[in-house]
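Sequence annotations record features per position, and here Swiss-Prot assigns domain 'Clp R' to 2-144. Per Swiss-Prot, region 'Repeat 1' is recorded for 5-70. Among the features that Swiss-Prot reports, region 'Repeat 2' is placed at 80-144, with the record citing sequence analysis. Residues annotated as region 'I' in Swiss-Prot: 171-418. Annotation comment: Swiss-Prot describes 216-223, 553-560 as ATP binding site. Summarising the annotation, Swiss-Prot assigns domain 'UVR' to 425-460. The region 'II' annotation in Swiss-Prot covers 479-670. Here Swiss-Prot flags 823-848 as region 'Disordered'.
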Amino acid sequence: MFERFTDRARRVVVLAQEEARMLNHNYIGTEHILLGLIHEGEGVAAKSLDSLGISLEAVRSQVEDIIGQGQQAPSGHIPFTPRAKKVLELSLREALQLGHNYIGTEHILLGLIREGEGVAAQVLVKLGAELTRVRQQVIQLLSGYQGKEAAEAGTGGRGGESGSPSTSLVLDQFGRNLTAAAMESKLDPVIGREKEIERVMQVLSRRTKNNPVLIGEPGVGKTAVVEGLAQAIVHGEVPETLKDKQLYTLDLGSLVAGSRYRGDFEERLKKVLKEINTRGDIILFIDELHTLVGAGAAEGAIDAASILKPKLARGELQTIGATTLDEYRKYIEKDAALERRFQPVQVGEPTVEHTIEILKGLRDRYEAHHRVSITDSAMVAAATLADRYINDRFLPDKAIDLIDEAGARMRIRRMTAPPDLREFDEKIAEARREKESAIDAQDFEKAASLRDREKQLVAQRAEREKQWRSGDLDVIAEVDDEQIAEVLGNWTGIPVFKLTEAETTRLLRMEEELHKRIIGQEDAVKAVSKAIRRTRAGLKDPKRPSGSFIFAGPSGVGKTELSKALANFLFGDDDALIQIDMGEFHDRFTASRLFGAPPGYVGYEEGGQLTEKVRRKPFSVVLFDEIEKAHQEIYNSLLQVLEDGRLTDGQGRTVDFKNTVLIFTSNLGTSDISKPVGLGFTQGSGENDYERMKQKVNDELKKHFRPEFLNRIDDIIVFHQLSRDEIIRMVDLMISRVANQLKVKDMTLELTNKAKALLAKRGFDPVLGARPLRRTIQREIEDQLSEKILFEEVGPGQVVTVDVDNWDGEGPGEDVKFTFTGIRKPSTEPDLAKAGVHSAGGPEPVEQ
């Protein structure tokens, strides 16, 4: 039974126990419950007794006259008397008779009156209160109406505990009055939804089926339209048919919660409908309208939608619903009888310009909440960046969230103590530790000095904290576009500088940045840079991918490496590259692995290898390696990606590709690379060879791929073969990676020009490109160097120079060996040799 007690009813029981202790009584009787009811002071029972002139002091005096005080204060638990238990049982009956699912202070008072024979009833009679009159007073306060019929209608909820008459106790319990909230300025302003609000007013003014349902994507502002209607009602900006209406939002969760027995939910809903029908001025708003279908429908019961249908059809109940497009189709459209009773009102996603106006209208609320100043540039950045980079949500919700989190972030930063205060704390703690150590060592002079230092540090810290609190905290922090970009960077993983650095400066030096990793391939780097610049300059369809390229040419010339460099330039991380080996998708049925298996097939729940990666990292470079090895059906699926920037996976979800760069690599047309004519280290005819190879590659691509596929590609880039100078520069690049690993061991690696030339000669293969160079460096440099490190022939603190013996740089150099010389680095410490001190340890210079 006690689980049905309201918080105030539980407090009455606690106060009754306290009153019994004050009177030294070892029991809790009806008189103590009466004292607890009056002592509580805020419930319906206390208000009723107060209106009859019954005070706590008067009741306490009467109880002492009738019973007197006990001899000794009780200890431990104080039990209820049988009569007090009966009162609590009667309070449950009173609640059930009134149709309430809880026990409040009013029900306990009604139980006292109904019992009628205890000390509490005697006290009330002695104080001149007629028990019948007290009962009527409680019923009137509960219902807000006069007479028996009104009392029956006013079957209140916990609203009865408010202590003031109310005519909407059921609605107050299971809903919220939006017009009252609008009158108290608790609702955010609604900007630019005049058409939707006007359409809702038109539907509400119909004679029958006057029930609009707001349909739109999550976050576009469906609830805001209803709040705008509530504000219009308060301001009188509605037609005569809607004036003086009260707009309530119904919480279906509260209706269902606590309905333990069959019929409880239906009974609550019927009471809500009865109260709405009795008042006649209520418009009901049901958010997440689809929850009506099946709500409360236990075995043998009917759901909320079936209860509402008759009243909705006859116009007896005016209801505004709100739900998303998917849920409307899934739940409402399946129930044709329910669907025809609602009139759809589409709520579309606002434009970026409209979103900026919405943010300006909300600026005052967020500035007051976070105690910051939000600039116009921050609102423009929030709308534009959210629209560009957050693809799985909708405006204005995602832009508002950016503003909100940026304000919260700035406020938290200002409330965090500066680093120098923490440094003071560390110094003070250190001084105290040293002082205690000095005291333990009985070095009292040092302890006194440390005590003075501690006092000085404490005073300095107090002064710095005073400056911080009077300065930084009083200054209004400003949220600008940079703060918005930082928050967006935390959301999406895009490095902040990629958003805030001037795009023009970055794009103009794009070739320079790419060439830090790509040797040669001027045409390829320029073509990629130009395509990206066109995209970022806004001269490309924003719905298409940022760029789509076919990288063709011989193997080992840098096609994949350029893709990685492009990913690092655009998104700040090599991991932003999604690399897919198309050789794994050579059969028709393997295409499902790429985009997701259809329902009923193995792997349906796992999603596709491509679509899932892009959904998780929508800002990335996608590399389709060796595209010619894939099945033809995959090309057909990629047509939609190349044209519209989107793809539907096996689970029906739309994956957005508009922020990706698509790169297809191919070796078509390069089968003649093994022929000796015009290949290898080219001399004068290199350009003619390249044009001949480029023409053949293009011809082969046209034979292998359909025209509609090639027509959607931004650019086809044929890579050059590598020249001797480019191979030597590539040696520098690869050796620098080995040198960086040696730096960790405090060793420096240097190569002579002859050593580089020999590595280039041995590492380049006209068929395999530059990939064998990596193996050559591993075999000739890394393997030998690792042995010398293990034999301690070279070690930390040395400069290792790699050279070759007996080779003039012109011959084949097949028998020439590399030499490794370790020389100790020049010391940066004082020269001890002049003082006659020679350092020992470490290997002597070794030449092999």
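Residue numbering: from 1, along the chain as shown.
Just so you know, glycine gets a Cβ as well, placed from its N, Cα and C.
Structure with Swiss-Prot features highlighted.
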residue	record	DSSP (3 states)
Gly216	ATP binding site	coil
Lys222	ATP binding site	helix
Gly553	ATP binding site	coil
Lys559	ATP binding site	helix
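As a summary of secondary structure, the region 'Repeat 2' (80-144) carries 48 helix, 2 strand, 15 coil according to DSSP. Counting same-chain residues at least six beyond the ends of the domain 'UVR' (425-460), none has a Cβ under 8 angstroms from any Cβ of the stretch.
Averaged over the region 'Repeat 2' (80-144), the predicted model has a pLDDT of 80.
Around Gly553 (ATP binding site), the C-beta neighbours below 8 angstroms that are at least 6 residues distant in the chain are Lys559, Asn667, Thr670, Met693, Val697, Ile717, Val718, Phe719, His720, Gln721. The most crowded of the binding-site residues listed here (Gly216, Pro218) is Gly216, judged by how many other CB atoms sit within 10 Å of its own CB. Secondary structure by DSSP for the region 'Repeat 1' (5-70): 46 helix, 2 strand, 18 coil.
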